[in-house]
């Protein structure tokens, strides 16, 4: 797997329609990684931008009627032109509106990948899941089953992030054990991961599962190094160093620290 | 007063409808502190989000017709369900539109607290105040009178920040002397303080005055430490360290450095 | 040329209608520099805000119908009241929509300055320019001719940034050689430069060309120092230090490091 090197070589254009909290962090994270972010949500241009991009990333963190329509237009344009689409269903299940919107999006757009926490993914595919006290550490078996079921239902790669990350396309499933808890103290780290997955898919030649696994593990490695370098300093320093590491982690460092387990 | 410890223990959900300049900084500040930020302004869901939150924070920094309606819906839902509402009237008085909007908001929503500089608070309650050369240092007596008058008129806790901070519920009034001038060199530090007040109110069991006083003093202590640690480095380094200190300042450190004076 | 000192002395109000990716970074950069940012795009108030400001900065990075109308209202109010307007045509040429919008803005608003990369500026004035492999390093002669032609057509100062920066009012033309490649690894560094130009124009007494040249060179000097101080650390650390340097670079340091060449 050499997707990281290819992202840096090809600088793929990643079209993001994302929430107003994380636009800056997402753009800076993609630039640090070596990709080329493009934020655009005007109805007049999203189809053009999606068409010319290597991937389209949709994030419903601060959705409204205007951006939902932008997402539908961009997603369908991407589908028409063979551009992979990644969805981040932020807060699906937290309100009825978010659950409805994610179900509308997934019924009208063919995803290449879905990235969320276990409660969000469960809600997208109509499973009930309490949004308290749920992570990949407790009830790991259920998370794996959920990932596989969601992947089969949506016919895409599903990434459930938590203490451990589960990635499945329905047939094959991986567990990634990289990452660090301080990621939860910086806003938008889940959102940026979804966009980083988009960058990896853009250079994947259709190998969405493998590219997703590498993206998730790479991201976790960058977080581990940044957490070590800023131990005891706090989330402000971690965030700065994490952006540094997205630029500095080489394929060699990644290979050495990557913790990926393929389930049989 | 142990509200700081309770914020970290309870991780209250704080619903923010805020301006597009400070969303990221606000979310990161609340996460660093130990609260749980939720940004949402879609009319379809703001009532649901307000209802499930520990506090609702409204900020008119980059208001428009859509978000004003969002604020009314969220604020009234919060009122119905006993969730405290905090308003930050950014730029009230700077344009007629902002003055009108803040007066509409305060007439239709019962606030738990209002947080602004002296010119903003004066404009909210229909007093004239020049927006140049005004801070709590000059004419302190007037600022105290204004805080008391505004608190009685709005029937809420009023926080006027400046060189010294004045906090009053109309009956009792406190002066907080923590803080640092470099806060004015980082955008959104006033806005984030308002959201931090929201987090403290969320765990206050209705003691809005005391919780506001502690929030303001805690925030100033974090700024003092961050300013000391980054002396002569500039506002970029200060901002990073300030986020660190929002996470690192313990109740013990806070108690030692807090400068709160109750007026008789 | 002493515009830098005057910015710090006068703290000019700079009204920004800019994209959702860079609002925070733009405000923090202007504050660090010593200017006073005001973000506002509500149709009800943009004319008032533009009128009271020292400069108006329009940026189409994430344009939509609402903000285009805001820009027209603010720009025309600025024209009426003698307030200089600076335009950043982000992505002009990337989509037909952006090209159309920039041409509409430039036909209805008299600019004081236009700031973009070579492809953007070319598209604004209806020249064709490939958006790949183009910078001031290759084909420098053509970039100079383009800047001069655009300046004459729009009757304003035109700033084309790249490896070297070309600034022209049609009659006189300067080349600035300050700056650092890592600026391209932080989102919004072009957008912030446009706002910094606005701050300098606000104190320029109508000397838009000279003030633009100084702004561009100052910005590059701050980047050079920040890049040296954070060498090998990555774009996260660079961004923090760059904000520091916008505050710390004095007129003396600027004069010593400034690399400005006037073409005959």
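Every residue gets a Cβ built from N, Cα and C, even glycine.
According to TrEMBL, the feature substrate binding site maps to B:39, B:188. In the three-state DSSP assignment, the secondary structure recorded for residue B:188 (substrate binding site) is coil. When other Cβ atoms within 10 Å of the Cβ of residue B:188 (substrate binding site) are tallied across all protein chains shown, the result is 26.
According to TrEMBL, the feature ATP binding site maps to B:115, B:161.
In this structure, the C-alpha atom of residue B:188 (substrate binding site) lies 13 angstrom from that of residue B:115 (ATP binding site).
For residue B:161 (ATP binding site), the count of additional Cβ atoms within 10 Å of its Cβ stands at 26 [all protein chains shown]. Across the fold, the C-alpha of residue B:161 (ATP binding site) and the C-alpha of residue B:39 (substrate binding site) stand 24 Å from each other. Residue B:39 (substrate binding site) sits 19 Å from residue B:115 (ATP binding site), taking the Cα positions as reference. A distance below 8 A between C-beta atoms marks B:39 as the binding-site residues from B:39, B:115, B:161, B:188 lying next to chain A. Residue B:161 (ATP binding site) falls within neither a helix nor a strand when secondary structure is assigned with DSSP, and so counts as coil. Counting only same-chain residues at least 6 apart in sequence, those with a Cβ under 8 Å from the Cβ of residue B:115 (ATP binding site) are B:86, B:87, B:88, B:159, B:161, B:190, B:193, B:194, B:197. The subset of binding-site residues B:39, B:115, B:161, B:188 lying near chain C, with Cβ atoms under 8 Å apart, consists of B:188. DSSP assigns residue B:115 (ATP binding site) to a strand in the three-state reduction.
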